[in-house]
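**Q** Please read through the structure below; I'll follow up with questions.
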């Protein structure tokens, strides 16, 4: 679905954005605002306006945010939040220009959980269950934080707005600097009698069991989203989401690269030279593989569709079998004699076996 223009969505013109930029830049200019962090806020405002005023930059931000467009799946947490920069955009789009209702429903925070899974579980998928610590809305006060039978009172400092205005004299005239109310910490409410269960927090931590469907073909570092299993919402808002990142354990015999699996097949010299038909293990069971005569070490064979099912449903990967010809470390006298005969027939006679360096030097001096 094509994204609509920010200005069209919000009913704002570019002139109005420019006015908002001028207002915010004056409000947070380091020469005018001495509060900690004002200089960083000023830089973010300038950066945000630079993006909004350039159609190409705005289009890239719409699509990728601050993430590298070349990054792989699962590179970011939830593919989302842009931190303070997003707050600046909110200011341009009316969030900073108008008072936000601190009592309005807000979505809860997202959670992230790392889950270790076996090699085979990642390939074939699995239905399982995890238990995680997470905050839940307090059942005693139903999230208000107040003792049952009482209600939070409106903050008298900010009159429930959650923010207060501070007049600042500047060379441009008197300006109003808006900041979070320090009395109610931006909530707009004061809890005089706190709930004994949650101690005024409105939420309690519990251990919750959650069913998880591991998708077949998931790879190390990829993640899935479990909707509504994050932190509880605020003021009746929806719960956040749970992002599960998978850490896939290695395997003794197989190596995985994307949807393909690699296996090293060890062959004896006779098998490689004469050829053979052997059973090769795959994650789907054993299959027969014909080894042609004269196969060299490093030769590779493909077993079609014996790899991993693509997690997005785009077919199956393959298994690649790489040959490694093993050289015997210990030989009997009979085996040595046969190899010498083979070498003579091949015209490739090796140096005399069994002679030490001292014996070779001695024979040299004796003219032998």
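Note: Cβ is positioned from N, Cα and C throughout, glycine not excepted.
Feature table excerpt (Swiss-Prot):
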type	residues	note
BINDING	138, 141, 195, 198	Zn(2+) 1 binding site
BINDING	155, 158, 181, 184	Zn(2+) 2 binding site
DOMAIN	5-65	domain 'J'
REPEAT	138-145	repeat 'CXXCXGXG motif'
REPEAT	155-162	repeat 'CXXCXGXG motif'
REPEAT	181-188	repeat 'CXXCXGXG motif'
REPEAT	195-202	repeat 'CXXCXGXG motif'
ZN_FING	125-207	zinc finger
**Q** Within the same chain, and leaving aside 155, 158, 181, 184, name every residue whose CB is within 8 angstroms of the centroid of the CB atoms belonging to the recorded Zn(2+) 2 site, in sequence order.
**A** 102, 156, 157, 159, 160, 161, 162, 163, 164, 182, 183, 185, 186, 187, 188, 189, 190
**Q** Between residue 198 (Zn(2+) 1 binding site) and residue 155 (Zn(2+) 2 binding site), how far is it from one CA atom to the other, in Å?
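**A** Residue 198 (Zn(2+) 1 binding site) to residue 155 (Zn(2+) 2 binding site), Cα-Cα distance: 21 Å.
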**Q** Sequence-remote contacts (6 or more beyond its ends) of the repeat 'CXXCXGXG motif' (155-162), Cβ cut-off under 8 Å?
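**A** Residues 99-103, 180-184, 186-190 contact the repeat 'CXXCXGXG motif' (155-162) from elsewhere in the chain.
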**Q** With the cut-off set at 10 Å between Cβ atoms, which of these binding-site residues ends up with the most neighbours? Options: 138, 155, 184.
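**A** Within the set of binding-site residues, the most crowded position is 184.
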**Q** Can you list, in sequence order, the residues of the same chain other than 138, 141, 195, 198 whose CB lies within 8 Å of the CB centroid of the Zn(2+) 1 site?
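**A** Here the nearby residues are 139, 140, 142, 143, 144, 145, 146, 194, 196, 197, 199, 200, 201, 202, 203, 204.
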**Q** Using all protein chains in view, find how many other C-beta atoms are within 10 Å of the C-beta of residue 198 (Zn(2+) 1 binding site).
**A** 22
**Q** What is the number of other Cβ atoms found within 10 Å of the Cβ of residue 141 (Zn(2+) 1 binding site)?
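**A** Cβ-Cβ neighbours of residue 141 (Zn(2+) 1 binding site) within 10 Å number 25.
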**Q** Looking only at 158, 181, the binding-site residues on record, which one has the least crowded Cβ, with the fewest other Cβ atoms within 10 Å?
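**A** Looking at the binding-site residues 158, 181, the Cβ with the fewest others within 10 Å is that of 181.
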